[in-house]
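Colleague: Let me begin by handing over the structure; questions about it come next.
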Amino acid sequence: MNTVSNPNIIKTIIIVGGGTSGWLSAAYLSKFLQDSCQITLIESSDIGTVGVGEATLPTLQITFKLLGLSEFDWMTRCNASFKLGIKFVNWSGSSKPDIFWHPFGQLKSSPNLGIPISQYWLKNYLQGNTAAFDESCFEHINLCAAQKSPKSYDSPEYSGNIEYAYHLDAGKLATYLKERAKSAGVRHIVDNVLDVALDHRGFISHVITENHSNQTADFFIDCSGFRGLLINQALQEPFISYGDSLFCDRAIAISIPYEKGDRYNYNNGGINPYSTATALSSGWAWNVPLVERSGNGYVYSSSFMSQDDAETEFRKHLGDKANDQPAKYIKTRVGRTRNTWAKNCVSIGLSGGFIEPLESTGIYLVELGLEALIRHFPEKSFSPLLINNYNRFMREIYEEIRDFIVMHYCLTQREYTPFWRTNKYHNFIPDSLQEKLNLWKVMWPIYHGNIGHLFPDYSYVCILAGMGYFPVQSLPLLGYGEHSQEDKIILKTKSRSEQLRELLPDHHEYLQQMFLRNFKASWQSLLAHSSKPMPSSSLSTIVR
């Protein structure tokens, strides 16, 4: 079909709202639709964005590579650092050192049965072996402790020696994406949307702006944040709260700059290649380390703590370095819009839904919403079957993330405040999660791959092990035969981790050289001063 002569093709799109969700939508859609569709983004100069220091998932590599963004370029522009995983502090409530990790990267498997080594670790643990799960099964933990980069100096863009994601400045990313989208032909209007007009079918016909009159389009993207200006207000699509399972509905954010002239935090130990989530009295605190500063926040429940008390506790947690830094207060709505696509409008980002950022899913939901939209991209007829399938998929994604976050709360042994007691004893656990928990009390996840659309089996096992939720016995199959090869896999994981620790550059040093564009000289310097000989080929020869 000749799309140019097809009268039913979508020819105009209006995106309402900027920020990361708006400008990523503009860049993404312009990449796929190219010159055949005029895209306009309308954003208000009176409305700020919610984004602060953001942590991401490895999927962002795929998205940005797809958009043709240089990894070195955008990271430099956005003060970005690498993320190898999340460190959880004080979540389980156990008396031992209360720390566990959720790193990136698949679990290794037994050579014959394909059973993940988590099952062999569990068998050893139930027999009295006290080796930590995450340190035994993943290379990342050793590298996090040593503050290592996931990439060597000769690594190509979007490629590393271990799996990684990013920490980034969301405001700078929005600016960067704006430049890219505008250079691709996206029309930019800075104005306030005063009203939304519907046609006789209940579809959006145009938006009424303060200074640019009426703006019409075939298709509308709602990136207006928690307001849901198009999807919730104009189209009256209801919002479904997850507040009975997830109690945190407020956040306080404080950015802490590093010492003057110390962009890479050399004077205070460098830049951690991981995010940290620390449990506090009525929620948890994030730490997202960037170049030049760290992003920090307290996600808490207003039902259990006032804003003033939360800020007092948070500043005490941060220490003196936060004394002169202003706080940003964020009120959230936790849950999802019933249908993220209604009529001729799709909601992307916070207008579609929000779940606290404990597992760094904020930007991911934007990525996934856009990918699904392209796969379901409509004609002007807006097939209800197409829309329903998109909505079903996005509903399943939100519910999967909800269940995964609830796991962190309902398995806790913390009882020292009303917030944590309520989470332990009176939290509503969705049936979809309770069914899994019942099974995992008998047998941990056994198959490789994603349990849902997003989180793989190892993600669930990391939380189960970290929170001390163990089956009553190990996998019965492991009682048959001899399994020395599996123990060797665990030892090999540790050995490979030590190799990488020796050979990979420090995280803050890699970032500095990336910003200076001096990779070759730095790599040669590292080789010259290494205490061990470099393999004849490269780091990529280390068996993964």
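The first residue you see is number 1, and the count goes up from there.
Cβ atoms are placed via backbone N, Cα and C, with glycine included.
Summarising the annotation, TrEMBL assigns 7-chloro-L-tryptophan binding site to Lys83. Feature annotation from TrEMBL assigns active site to Lys83. According to TrEMBL, the FAD binding site annotation covers Val193, Leu350, Ile363. Taken from TrEMBL, the feature L-tryptophan binding site covers Glu359.
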Colleague: Whole-number Å only: compute the distance from the Cα of Lys83 (7-chloro-L-tryptophan binding site) to the Cα of Glu359 (L-tryptophan binding site).
Modeller: 12
Colleague: Using DSSP and three states only, what is Lys83 (7-chloro-L-tryptophan binding site)?
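Modeller: DSSP assigns Lys83 (7-chloro-L-tryptophan binding site) to strand.
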Colleague: Based on the record's binding annotation for FAD (Val193, Leu350, Ile363), what whole-number value in Å is the widest Cα to Cα distance?
Modeller: 24
Colleague: What is the total of other Cβ atoms whose distance to the Cβ of Val193 (FAD binding site) is within 10 Å?
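Modeller: Its Cβ shell of radius 10 Å holds 24 other Cβ atoms.
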Colleague: When you measure from the Cβ of Ile363 (FAD binding site), how many other Cβ atoms are you left with inside 10 Å?
Modeller: 26
Colleague: Using Cα coordinates, what distance in whole Å links Val193 (FAD binding site) and the residue listed as 'L-tryptophan binding site'?
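Modeller: Cα-Cα, rounded: 33 Å.
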Colleague: Once the DSSP letters are reduced so that anything not helix or strand counts as coil, what is Leu350 (FAD binding site)?
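Modeller: It is helical.
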Colleague: Rounded to an integer, what is the Cα-Cα distance in Å between Glu359 (L-tryptophan binding site) and Leu350 (FAD binding site)?
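Modeller: Counting only the Cα atoms, the answer is 16 Å.
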